[in-house]
Amino acid sequence: MLNPKVAYMVWMTCLGLMLPSQAQSNDYRPSYHFTPDQYWMNEPNGLIKIGSTWHLFFQHNPTANVWGNICWGHATSTDLMHWAHKPTAIADENGVEAFTGTAYYDPNNTSGLGDSANPPYLAWFTGYTTSSQTQDQRLAFSVDNGATWTKFQGNPIISTSQEAPHDITGGLESRDPKVFFHRQSGNWIMVLAHGGQDKLSFWTSADTINWTWQSDLKSTSINGLSSDITGWEVPDMFELPVEGTEETTWVVMMTPAEGSPAGGNGVLAITGSFDGKSFTADPVDASTMWLDNGRDFDGALSWVNVPASDGRRIIAAVMNSYGSNPPTTTWKGMLSFPRTLSLKKVGTQQHFVQQPITELDTISTSLQTLANQTITPGQTLLSSIRGTALDVRVAFYPDAGSVLSLAVRKGASEQTVINYTQSDATLSVDRTESGDISYDPAAGGVHTAKLEEDGTGLVSIRVLVDTCSVEVFGGQGEAVISDLIFPSDSSDGLALEVTGGNAVLQSVDVRSVSLE
């Protein structure tokens, strides 16, 4: 859960800035990214698949377009793209709001909250008491396949007094429980974030209700982690195969409030070992640990209970790092497009790699393709294409010293430019002229990521464009940049150009995306 004090300050300072600076026919609402039906959303919660249904819970204010009255919103899908809005899953009540958490299936009914014929699904969340601003950990359960959720009568399951020996903030900074069953030890594991102390704590339970502290993972115990990376939040933890080997490794994913490549919050992942009580981190590489180099990928979590026959680790995050500031009036916050996360060796380094889920192909139609064509300085390709919901894929061999530029959401005076600069192997997103950037000091600028040519000299770039966002995937997905943009409706053009040398286009595929 993002820091409530910061969110409250943003709310209070921005109430007078809610009107957009330019008229928009759809209030910038995306075409194929999830947004709440109305009002405020931040990070996803409790991502779980139950049967054939994907469940998305999320931090939500159901009464206003600002942070506050936080509960778990709920939506379901059978394909991770078409979402049905559902009633509030876990409400704020009696002065206690429902902050971030996770869900898991209890097939053996170890919690005793279901029965052997109908085991429960469980959701752990942070209870935020508004009067004291303190946080404790709570439990809810479902015995109807996630349709409705009941709060456990014995809440909290970890009180502020139980947290006290491990929390120097007096209950102000202990939140976002990640819970899973650890097969090797036969225990349930809870990972808590302590943003004010830059640490995670690990707890165990035999029954999902009674918890015992086991260890802390502190920033000082992670070799190579910068001291500038502070305010740890929203942990996730899972085993991930190392592609091309028979090995798996434990991964901890979290969202620091400060220290990301684009400034402010961002999502990082580290590998290590876990013995059922403590996590030992591998030395980190600052060049590979960040999952996204853009400004708008925050509070990522992964879906659990995904069948082995599927085998994917699918993650999503909220795209909004500006509080109430973005120029939308009926909604705030959108979900990143779901992406797979894997771990593989790229060149000489081990990388986390991400790609949009393949289901996207089922809702996209090719508009134009090119193959084996050389583009030279002064040429502009793709300029006949118009669209605000696109999937653009470009694979090319750049000349030494060349810069390949793909402009999206291009208009008379607006464009968002994705560049690949061959001389320093840099992928970038330039929002300087992307549209409305007046709403926040961090809304413009250029975000960069390192992207090396492959062994043959090929560079691959994939760009998901929607009404108010770009998500750029470079190479095999080892370089990712996600950013919000707010152009005018009329800025719907596309342009592919090169400067400083030629580029041989191995393939180009521009696809229109539509949920209809």
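Note: Cβ is positioned from N, Cα and C throughout, glycine not excepted.
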Item to complete: Among Glu163, Glu233, Glu239, find me the residue Swiss-Prot lists at the same substrate site as Trp40, Met41, Asn42, Glu43, Gln59, Trp67, Phe99, Thr100, Arg175, Asp176.
Response: Glu233
Practice prompt. Return the residue, from the listed glycosylation sites Asn210, Asn372, Asn419, with the maximum count of other C-beta atoms within 10 angstroms of its C-beta.
Written response: Asn419
Worksheet item: How big is the gap, in Å, between the Cα of Asn372 (N-linked glycosylation site) and that of Glu233 (substrate binding site), rounded to a whole number?
Response: 46
Fill in: Shortest C-alpha distance to Asn210 (N-linked glycosylation site) - which of the recorded positions Asn42, Phe99, Arg175, Glu233, Asn419
Arg175
Worksheet item: Do you know offhand how many angstrom separate Glu233 (substrate binding site) and Asn419 (N-linked glycosylation site) by C-alpha?
Response: 32
Item to complete: Mind giving me a neighbour count for Trp40 (substrate binding site)? Other Cβ atoms within 10 Å of its Cβ, every protein chain shown.
Response: 27
